[in-house]
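Over in Swiss-Prot, the protein carries these features:
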DOMAIN    9-44  domain 'EF-hand 1'
BINDING   ASP22, ASP24, ASP26, LYS28, GLU33  Ca(2+) binding site
DOMAIN    80-115  domain 'EF-hand 2'
DOMAIN    116-148  domain 'EF-hand 3'
Amino acid sequence: MGKDGLSDDQVSSMKEAFMLFDTDGDGKIAPSELGILMRSLGGNPTQAQLKSIIASENLSSPFDFNRFLDLMAKHLKTEPFDRQLRDAFKVLDKEGTGFVAVADLRHILTSIGEKLEPNEFDEWIKEVDVGSDGKIRYEDFIARMVAK
């Protein structure tokens, strides 16, 4: 386990991101870069939350990686997986019905981002009730995914 409850993988990712934002190589980043850095690590702080962090942590000058780790351990809140899934499904569910077409889901999951192989998708979709209209209720799908 890494520092302050962060996993070694998280610390490694944070170090990599920190170094990318440390453009002049002095080992420090400006408080103004905190938001974009947190977002690059999966956080989604609002401007108000960032202002609050900067004020409560007295971030008035550039800070080093150890200080950054302390900040992340205290303040980085990644979106829960179920919320990420729900947000993704809502993009497909333009009418807000709670259902998405299996064909649309197949297209996206086998052709965009970290692609699933078509046979992987077929295995996945077997675990969900598909209606006679070719649609699935995505809350059921999310519940199955989160339970695994």
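From the backbone N, Cα and C atoms, a Cβ is placed for every residue, glycine too.
Sequence-distant contacts of the domain 'EF-hand 3' (116-148) (same chain, at least 6 residues past either end, Cβ-Cβ under 8 Å): 81-82, 85-86, 89, 93, 98-103, 105-106, 109-110.
Around LYS28 (Ca(2+) binding site), the same-chain residues at least 6 positions away in sequence with a Cβ under 8 Å from its Cβ are ASP22, PRO62, PHE63, ASP64.
Taking each of the binding-site residues ASP22, GLU33 in turn and counting other Cβ atoms within 10 Å of its Cβ gives the largest count for ASP22. According to DSSP, GLU33 (Ca(2+) binding site) sits within a helical segment. Sorting the domain 'EF-hand 2' (80-115) by DSSP state (H, G, I as helix; E, B as strand; all else coil) yields 22 helix, 3 strand, 11 coil. Using a 10 Å Cβ-Cβ cutoff, ASP24 (Ca(2+) binding site) registers 8 neighbours.
Within the same chain, the residues at least 6 positions away from ASP26 (Ca(2+) binding site) whose Cβ sits under 8 Å from its Cβ are PRO62, listed in sequence order.
Across all of the domain 'EF-hand 3' (116-148), the predicted model scores a mean pLDDT of 83. What surrounds the Ca(2+) site, by Cβ distance within 8 Å of the Cβ centroid and not counting ASP22, ASP24, ASP26, LYS28, GLU33, is the set PHE21, THR23, GLY25, GLY27, ILE29, ALA30, PRO62 from the same chain.
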